[in-house]
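First comes the structure, then the notes that go with it.
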Amino acid sequence: MREQHTAFRGVRIRWGRDFRPQRPYECSECGKSFVRRYSLKVHIKVHSGERPYKCNECEKSFKWKSTLIKHQRIHTGERPYECSECGKSFIYRTHLHYHHRIHTGERPYECSECGKSFSTLIKHQRIHTGERPYECSECGKSFATSSVLHSHQRVHTGERPYECSECGKSFTTRTVLRDHQRVHTGERPYECSECGKSFTANSALHYHQRVHTGERPYECSECGKSFVRRNSLSVHLKVHSGEKPYKCNECGKSLKCKSTFVEHQRIHTGDRPHECRDCGKSFTSRSALRSHQRVHTGERPYECSDCGKSFTTTSHLRSHKRVHNSERPYECSECGKSFSRRNSLNVHVKVHSGERPYKCNVCGKSLNYNSYLRDHQRVHTGERPYKCSHCGKTFTSRSLLRSHQRLHTGKRPYECSECGKSFFQRNTLNVHIKVHSGEKPYKCNECGKLLKYKSTFIQHQRIH
């Protein structure tokens, strides 16, 4: 076939004797060819940078009219492409196409680095390459996708265009709004195939699945500790830098991360937005609510590899493990006594200060901790929510139930290092240790007599 060329305005047209070549319109800049002249004209704007189509709502401009029309749906709320399986609708046909794969389970693209399969692969591959081609002009932070960059830019503009019709709370992205709305509906559509646990957001399921796989892809360059979430790594890095950028105006306390700061402020405002549907109890954070709900479900997902004991939270498991390794990192500056939990130290310190800020409004008794007050108030209400599964006996506090259950199991975890005698309760061990030490810390002001135990001291005072 004899080939001729004609050039005009940066365009070369190729044709032969049949006048019907497959892609006759070629770009003189990059050599890419097209079936239609219009497609070539549209393509040339890639090289010229021309963006003639401007949105009247937000001033954003586009290369192509079709992209402007799709963009305007963000402002109008129009989502013409609806999923026939679940009714979810989308602005773009391609997004509906990708969404369908959630229902079909289709993951046609396999990553050559890690072997994982995806419905779309390009974004995932940037985890391995470290490529983050979209940079914020305000702060220089870069992102793997343009959509995440757009969402991030709202941090600088303060724009939160997606508002919840139930509570008025607004969000930077429609996805986060949809996930939030499930707090109101109770919907948890994303279920773990390993354990059956369900989640309000696909991202939450994705992170949860790493509990089963053991995958912790985000590693600290300082100490080598790895994390399930990038956000957790960012928070951890502040341990090394000492950075605490969020300061409370009420009490002056500084905190490492914004979420902890927001939760802390609720101590001052009294705001407890997360309510348990089973008992109506409310909490300052969603994580505290989740931990509480395990009281009702009986779920204790965190198991100790040493003794098999299970716990409702990872923090409780970590504290428990110190029983096995004898680690007690929190020491009292007054008396040198050490504790496995910071919380236990905070309670203990009030012994020295005499502080008892929590007062019962029924009998006037003051206690040094809020949880102690709650347990105490059940003496007045008659409430005994903790029931023994062995004998049906009920208790006012979880700690009393745990101590009682040892009668059935025969477990005596608190052992005296002097004589090897073991006890059901730590408190009983503490009392016993005084047999060896000869300590008599309770002195009667009336007669000067010294006694080992507080209970004996109280009985003695009645003589006077």
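Every residue gets a Cβ built from N, Cα and C, even glycine.
In TrEMBL this protein carries:
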- 25-52: domain 'C2H2-type' (DOMAIN)
- 81-108: domain 'C2H2-type' (DOMAIN)
- 134-161: domain 'C2H2-type' (DOMAIN)
- 162-189: domain 'C2H2-type' (DOMAIN)
- 218-245: domain 'C2H2-type' (DOMAIN)
- 246-273: domain 'C2H2-type' (DOMAIN)
- 302-329: domain 'C2H2-type' (DOMAIN)
- 330-357: domain 'C2H2-type' (DOMAIN)
- 358-385: domain 'C2H2-type' (DOMAIN)
- 386-413: domain 'C2H2-type' (DOMAIN)
- 414-441: domain 'C2H2-type' (DOMAIN)
- 442-464: domain 'C2H2-type' (DOMAIN)
Chain residues in Cβ proximity to the domain 'C2H2-type' (442-464) (below 8 Å; excluding those fewer than six residues from its ends, i.e. six or more beyond): 431, 434-435
Positions on the same chain near the domain 'C2H2-type' (386-413), where near means CB under 8 A and six or more residues out: 323, 375, 378-379, 422-425
Contacting positions for the domain 'C2H2-type' (358-385) when only residues 6+ beyond its ends and CB under 8 Å are counted: 347, 350-351, 394-397
